[in-house]
Amino acid sequence: EGGEKKENPDDISNLQLAWEMLELAKVIYLKEEDKKSKLKAAESFLKLGEISLETENYEQALSDFQECLKIQEAELEPDDRLLAETHYQLGLAHGFNKQYDESIDQYRKAIKVMEAKIGKLKKTVEDGTQGKGKEPQAADDPIKAAQQEIKDLEEILPDIRGKIEDMEEEKKNIDELKSITKDTLAAVASELKPAESSEPKKAASDISHLVRRKRKPEEESAEADTKKTRQEEGSGDTEKNGK
């Protein structure tokens with residue numbers, strides 16, 4: 001009555017539901033040995049990583065993307081676009097996790113895969129157009145499809161290169177901040193250090209005459225004999241005066 005509505009514990013977020021379904025799919029596909037199932041498992045890892053990115057769980061995202069990449073590298077050609085996509089996602093995850101060098105490395109790997117793919121597609125177009133006239137191309141013509149894919153990839157490359165520049169700039173800013181912080185701390189430490197007096201230091205007083213020097217055994221023996229002689233002489237004088 002009039003109070004705030006309590007959250008229903010049975011309400012599960014869309015991301016949580018998607019995560020649970022992908023986890024289940026991953027487990028099922030990993031039990032199979034055929035290539036198609038393995039690639040489906042890799043896709044599940046990729047989607048799980050994207051969910052972890054969305055929830056800012058970057059360490060888990062990196063783990064999922066790396067598992068995806070491991071499967072893809074074993075099952076796909078080195079120039080497959082799926083590898084480029086996974087490298088790109090790893091670049092994002094490392095960047096969000098402040099691992100700038102690793103992020104740059106993954107973006108460069110994505111570019112390398114895409115450039116290899118573009119080279120292969122251009123070869124396909126070149127081989128397919130040799131000896132042919134300018135007759136209309138069918139909608140499903142492999143040459144037309146290759147040309148379109150080349151165009152798509154070339155439009156994506158500038159975006160990835162921009163990501164690399166962003167990471168380099170972020171890294172530079174962090175390094176500058178660290179340098180400023182180090183200089184500031186050094187300056188503060190210098191200010192807190194006790195200042196030395198500009199007045200000349202007074203020479204330490206010589207107190208050696210106040211310190212009793214340890215005598216050598218022969219000196220102590222000679223002094224004892226002298227005292228004894230004096231005592232005897234004194235005793236003799238007393239006896240004479242008494243008489």
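Think of each number as a place in line: the chain as shown, counted from 1.
Just so you know, glycine gets a Cβ as well, placed from its N, Cα and C.
Summarising the annotation, TrEMBL assigns repeat 'TPR' to 42-75, 84-117. The region 'Disordered' feature in TrEMBL is assigned to 124-143, 190-243. Taken from TrEMBL, the feature compositional bias 'Basic and acidic residues' applies to 132-143, 193-204, 216-243.
For the repeat 'TPR' (42-75), same-chain residues at least 6 beyond its ends with a Cβ under 8 Å from one of its own Cβ atoms are 15, 18-19, 22-23, 25-26, 29, 35, 82-83, 85-87, 89-90, 92-94, 96-97. Through the fold, the repeat 'TPR' (84-117) approaches residues 46, 49-50, 53, 56, 58-59, 61-62, 65-66, 68-69, 72, 78, 149, 153, 156-157, 160-161, 163-164, 166-168, 170-171, 174 of its own chain, all at least 6 residues removed from its boundaries and within a Cβ separation under 8 Å. Shown for the repeat 'TPR' (42-75): DSSP residue counts in helix, strand and coil, namely 31 helix, 0 strand, 3 coil. The residues of the repeat 'TPR' (84-117), classed with DSSP into helix (H, G, I), strand (E, B) and coil, number 31 helix, 0 strand, 3 coil.
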